[in-house]
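Enquirer: Following this message is one structure expressed as structure tokens.
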């Protein structure tokens, strides 16, 4: 299995997993330090741990390949040999989760209502694609990812707009979800355009593989760093506002 570990180190696969775990642990520390926590923030921390577990388990195909399918012989030459099916489900889940968290932070009921229905339609569309597109096991479903990206970006801008028209504009920088929105926005603006060329992701196109892997890695580092930073700033901001320094 030396080749397996060499692959993880050479391709720096471990970096994203470490960043996901770091963000989840930062959230756990935040919940531990804060005696009173919003349910939505607890849900987001649970979500981060689920992302880590999903990505960790999604590496089964790499393990099976380098293990020559000795540990999981039933995977060889099956529909589950590649992990496209796993991440087609996972990416739909990630998109739905980010839209959910952002929508829950929007005070404008009309905007929140429209986003709720848009998310519901997207989930139905994603399930339809998984069942009927014929791509579920053989490649990432680009249509679902594209529509989902548009929905995430729309949710982020709706969140920003809601901040601008509300009294939350004062002190917006001290809220965890502002940093979540920034991190998610950059990720979904950068990765999907590259994803359009995923069909060229072949062994013969090493340059594209390396570029895609590097961009994805740095996008992940930025996004999960923003999450971790958000927990820290939110904690400091709330501690200072709840316990203001005495005046001279």
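Heads up, the Cβ atoms here are built off N, Cα and C, so glycines get one too.
Straight from TrEMBL, here's the annotation block:
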TRANSMEM  13-32  transmembrane segment
TRANSMEM  44-63  transmembrane segment
TRANSMEM  83-101  transmembrane segment
TRANSMEM  113-132  transmembrane segment
TRANSMEM  138-160  transmembrane segment
TRANSMEM  172-191  transmembrane segment
TRANSMEM  211-233  transmembrane segment
Enquirer: Please determine whether the transmembrane segment (13-32) and the transmembrane segment (211-233) are in contact (criterion: at least three Cβ-Cβ distances under 8 Å, sequence separation 6 or more).
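Expert: Contact between the transmembrane segment (211-233) and the transmembrane segment (13-32): present, because at least 3 Cβ pairs are under 8 Å.
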Enquirer: At a C-beta cut-off of under 8 Å, are there same-chain residues at least 6 beyond the transmembrane segment (83-101) that contact it? List them, or none.
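Expert: For the transmembrane segment (83-101), the far contacts come to 40, 43-44, 47, 51, 54-55, 57-61, 115, 118-119, 122-123, 126, 130, 135-141, 144-145, 148-149, 151-152, 155, 177, 180, 184.
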Enquirer: Who are the long-range neighbours of the transmembrane segment (211-233) in its own chain, taking Cβ under 8 Å and residues 6 or more past its ends?
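Expert: That would be 11-12, 15-16, 19-20, 22-23, 26-27, 29-30, 48, 173-180, 182-184, 186-187, 190-191, 194, 197, 201.
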Enquirer: May I ask for the residues of the chain that lie six or more residues beyond the transmembrane segment (44-63) and have a Cβ under 8 Å from a Cβ within it?
Expert: 4, 7-8, 13, 16-17, 20-21, 23-24, 27-28, 30-31, 71-72, 75, 81-83, 86-87, 90, 93-94, 97, 101, 176, 180, 227
